[in-house]
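Just below is one structure, and these are the notes that go with it.
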Amino acid sequence: MTDFIEQFGVWGGFGIAVLQILAFAVVLLISLAFLLLMDRKVWAAVQMRKGPNVVGAFGLLQSFADFFKFVFKEIVVPAGADRSLYLLAPLITLILAFVTWAVVPAAPGWVIADLNVGILYLFAMSSLGVYGIIIGGWASNSKYPFLGALRSAAQMVSYEVSIGFIIVTVLLFAGSMNLSEIIEMQGGGFWNWNVLSFHAWPMPMFLVMIPMAVIFFISALAETNRPPFDLPEAESELVAGYQVEYSSTPYLLFMVGEYLNIVLMCAMTAILFFGGWNDPFGLDVSGWPYLASHAWYFFWFAAKIVFFFFMFAMVKALVPRYRYDQLMRLGWKIFLPISLAAVALVGAAVVYGPQG
């Protein structure tokens, strides 16, 4: 950082940092537009429909048309609502969803803030996301949004515990909380990815990591309020939950924040278990030109994110919604004991194993 400031000056360094953040945000939002289209196309295909196919070739511009539709609608604040909190809630959700991405590396060196405690920062920021939903549900001054907000708070807190323990198992193996180092540890081919790796300890690593990857993926569905765990916005019970009273741009901000969190969970699944930017073949690209090698890394990272987003979309289309008691039972009585046992097992292996 000191060298960076000495080279460009304080204001020059600040300007470059702002440009990097803006470029990253623009790429992320454009990618999100096409992922939204994919989500709708997958759902339509499962239901034997065509899906969006009018705006642009094959409906490719549908998300951009929806963006302008939301932006140019009137913002209607319900009578009796707390106006300032009502408008602040979607902003909180969106900002927290964006800043969480600051520590996610898309390729070696392609990260806004390469923190040594990146996992801790990410977990802290994602945990704060529930505040936007709670504030929005309470400020709307309506029973359906309030019930949806209460459900969301209980659901996100319940599954954050399991996600936290699963992340601890990965940290014990990696010996680092830096996301780039966790990815680099998995280089050299798919047989070194955490989910498939043997590694030198008393039992094959994949025997623990495969169940942890499955539980992490299911917990990510609950953490992001996606089907079959979309109880906070259940249409058949709460109309649309905490979003009932929102329209126009505030509703758009909620939706973008929600999908940014979904893509983040896809990225975390790829980073923690499936090698991040590492390709499955173990190809050595260190001798390639800088742009070519980093484009190769970025391609594989993006491909893994798209694959897991596709899995999110398929679950949404195929799996019926859980009841609230089933949701809580799954989180507290099944996932929590399994993830806690995995932490104890991996901790014992790290301390008392051949490498301990």
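Heads up, the Cβ atoms here are built off N, Cα and C, so glycines get one too.
As given in Swiss-Prot:
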TRANSMEM  16-36  transmembrane segment
TRANSMEM  52-72  transmembrane segment
TRANSMEM  85-105  transmembrane segment
TRANSMEM  117-137  transmembrane segment
TRANSMEM  163-183  transmembrane segment
TRANSMEM  201-221  transmembrane segment
TRANSMEM  254-274  transmembrane segment
TRANSMEM  295-315  transmembrane segment
TRANSMEM  334-354  transmembrane segment
Looking only at residues six or more beyond either end of the transmembrane segment (163-183), which have a C-beta under 8 A from one in the stretch? 103-105, 108, 111, 114-120, 122-123, 194, 199, 205, 208-209, 212, 215-216, 219-220, 223, 271-273, 275-278, 336, 339-340, 342-343, 346-347, 350
Checking 85-105, 117-137, 201-221, 295-315 against the transmembrane segment (254-274) for Cβ pairs under 8 Å, the most are found for 85-105
Are there residues at least 6 beyond the ends of the transmembrane segment (85-105) whose Cβ is under 8 Å from a Cβ of it, and what are they? 24-25, 28, 75, 77-78, 111-115, 118, 121-122, 125-126, 128-129, 131-133, 135-136, 138-140, 179-180, 183, 245-246, 250-251, 253-254, 256-258, 260-261, 264, 267-268, 271, 276-277
Who are the chain neighbours of the transmembrane segment (117-137) in space, where the CB to CB distance is under 8 Å and they lie at least 6 residues beyond its ends? 85-86, 88-94, 96-97, 99-100, 102-104, 145-150, 152-153, 156-157, 160, 163-164, 167, 171, 177-180, 182, 223, 232, 241-243, 246, 254, 257, 261, 264, 268
For the transmembrane segment (16-36), give me same-chain residues lying six or more residues beyond its boundaries with a C-beta closer than 8 angstroms to one of its C-beta atoms, as numbers and ranges. 8, 60, 63-64, 67, 98, 101, 112, 256, 259-260, 263, 302, 306, 309
